[in-house]
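**Student:** Below: one structure in structure tokens.
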Amino acid sequence: MLPTASSKRRTFAARYFTRSKSLVMGEQSRSPGRPLVPHKLGPVLKAGWLRKQRSIMKNWQQRWFVLRGDQLFYYKDKDESKPQGFISLQGTQVTELLPDPEDPGKHLFEITPGGATEREKVPANPEALLLMASSQRDMEDWVQAIRRVIWAPLGRGIFGQRLEDTVHHERKFGPRLAPLLVEQCVDFIRERGLSEEGLFRMPGQANLVRDLQDSFDCGEKPLFDSTTDVHTVASLLKLYLRELPEPVIPFARYEDFLSCAQLLTKDEGEGTVELAKQVSNLPQANYNLLRYICKFLDEVQAHSDVNKMSVQNLATVFGPNILRPQIEDPVTIMEGTSLVQHLMTVLIRKHGQLFAATSLEEPASPHGTVEWGSEEVTRDHRGEPGSPGLPTHRTSSLDGPAAAVLSRTSPPRLGSQTGPAATSPGKKMHTLPVWKSSFRQQGSRSESPKGVNSSLEVPIISSGGNWLINGLSSLRSHRRASSGDRLKDTGSAQRLSTYDNVPPSSQFSSTASVASTSWSVASSSREASVSSCTACRASNSSACSSLHTEWALEPSPLPSSSEGHQSPDLGHSLDEPCVGSGSSEPNDPGSPTQAHVRRCRALQGQVAELRAELCQQRTEYKRSLKSIEEGSADLRKQMSRLEEELDQERKKYAMLEIKLRNSERAREDAERRNQLLQREMEEFFSTLGSLTTGTKGSRAPE
């Protein structure tokens, strides 16, 4: 039986429908080398609804797209497990399409293959896959996510990349504290933008920020010149910090840092110690970047009188980018906003105390450690005149204005004088438990029984940090003298500084504590002490006053080695009683001259501290006064503007009253005219009626 025309049409329609369905639904050929679903699946990077254009009928169909690994899957529904098709993104490129002026509501982008070998990997359309997002923001998110996947094998895509991976990738350019993008943005802002009003608060141009982001993600290094907008570069820096997969302070440390913020609100000194401990425990890359950013933000707030960006404003802007919870629900964000802002304020304001200035050449050294070298003490060296008293080699990782608290048991214990020479173990690592800027001295800590070796407490190391370690190298092992009871007053005489960035005084005026100390050293040790005093003088008396030491030394049995080595300038050397004259008799700490020198030094320390406090108070008062004046000026402007608006409203009210009176008068006139017309009409009709009646009466007799 021959097929009829209708059967032929049905067969052709069935074949056409089957072929069209296979093309539209994205089915791949079932050849042995082309499986339907790839075997290797990566993590889900992004998922959402998109519209894809069908290949034959060119209409749009909505599908659930999932970006997993380097493949883009699409499903008919969100709950389906079997994809209708997938697109391999390796070797492809994604492009944003300009909206059609006739139909501006479409947000289109397309994925095109990079070469002839990649074209067969796009199942729905061998040329390009056209997709449409629901909004401009959604389209930009999809394009950025797909580009990161495309550029990831090439070592690119710095935005959204883990900080450790970025640092590891840029290690070939040399040791750095921050990624190249951050350094480039910071250098440009430091050069051209510190005086820009509203820095980091005013947004940059969105399209320029996106172009710069794409350039950095592509591996390019765009240069900033005089035509580059400062706010655009600032927005790019904030965008990089915001798009880190894990913030600078990791998610696991979020609760610990919030606890530090709560402690800061109760006890600022203890909170600073705990915060420094938490900062030192950060990973190396995070630690370096946080230190770099806080130092830069401190430079920005130093120009707050011009750029109007105080520490609080910078903390508000950068706090959520530096420290944020892993699950950003509204309740958690509202509860931690004030704490995060306060914590960021402390990090910026006290960055010099919280971050130890470690060297880039020694990244393996942990934060907060002091390395004590070998130290040998022999009786033969004591007995020889002119011998180098105590050779001590100490290297320290404490550099900069970082504070340290040394344990009482950290110095090596030496044997008695009758025993053999005691040698301390060489190259020991002592971990400092805390970094502290304001040290609170307890009175009971000064007490120590007799016969116990010397203990040393170093609450603060000032900006010239190495003078302390060098100065301590001249100390000998000794016992506490009988005057240790009088040293109790030194702890109670301590008082905290009014501000955290002003080092607390150790009250050198407690002459009883100083008077109970006597020592005699050899000539070489004397030079070390003098050098330490010189460094102490260079680092300002306020920094020297922050050092509190407790010791009691027995008179040294050294014979007279040289004479006439006493410093000629007693008025400019704080450690002059330490140096001595080189004779076998120890200096008398109770002499009037030395007591006068000590009192003068104590008064100088107090005066320097009070001057620093007054200077800071004056700065704070000027700043608050300036802010009050600015607020008053704004209020005056607002009041004048309100008065002008009130005058305008009064004029409008007067005009409305005039119009109302005019309308009432017009209404009254209209009513009078209406009444007049009514009477005239009545008279007219009455006259007309009488005339009509008279005419009828005259006709009737006829």
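These residue numbers are counts, starting from 1, taken along the chain as shown.
Each residue, glycine too, has its Cβ placed from N, Cα and C.
Okay, so Swiss-Prot annotates it like this:
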| type | residues | note |
| --- | --- | --- |
| COILED | 594-691 | coiled coil |
| COMPBIAS | 407-421 | compositional bias 'Polar residues' |
| COMPBIAS | 438-456 | compositional bias 'Polar residues' |
| COMPBIAS | 491-504 | compositional bias 'Polar residues' |
| COMPBIAS | 581-594 | compositional bias 'Polar residues' |
| DOMAIN | 43-151 | domain 'PH' |
| DOMAIN | 161-355 | domain 'Rho-GAP' |
| MOD_RES | Ser365 | phosphoserine |
| MOD_RES | Ser397 | phosphoserine |
| REGION | 360-433 | region 'Disordered' |
| REGION | 438-457 | region 'Disordered' |
| REGION | 480-511 | region 'Disordered' |
| REGION | 555-596 | region 'Disordered' |
| SITE | Arg201 | site 'Arginine finger' |
**Student:** Around Arg201 (site 'Arginine finger'), which residues of its chain at least 6 apart sit with Cβ under 8 Å of its Cβ?
**Tutor:** Met309, Asn313, Val317
**Student:** What are the DSSP helix/strand/coil residue counts across the domain 'PH' (43-151)?
**Tutor:** 22 helix, 47 strand, 40 coil
**Student:** With DSSP assignments reduced to helix, strand and coil, which class does Arg201 (site 'Arginine finger') get?
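**Tutor:** The residue in question, Arg201 (site 'Arginine finger'), is coil (DSSP, three-state).
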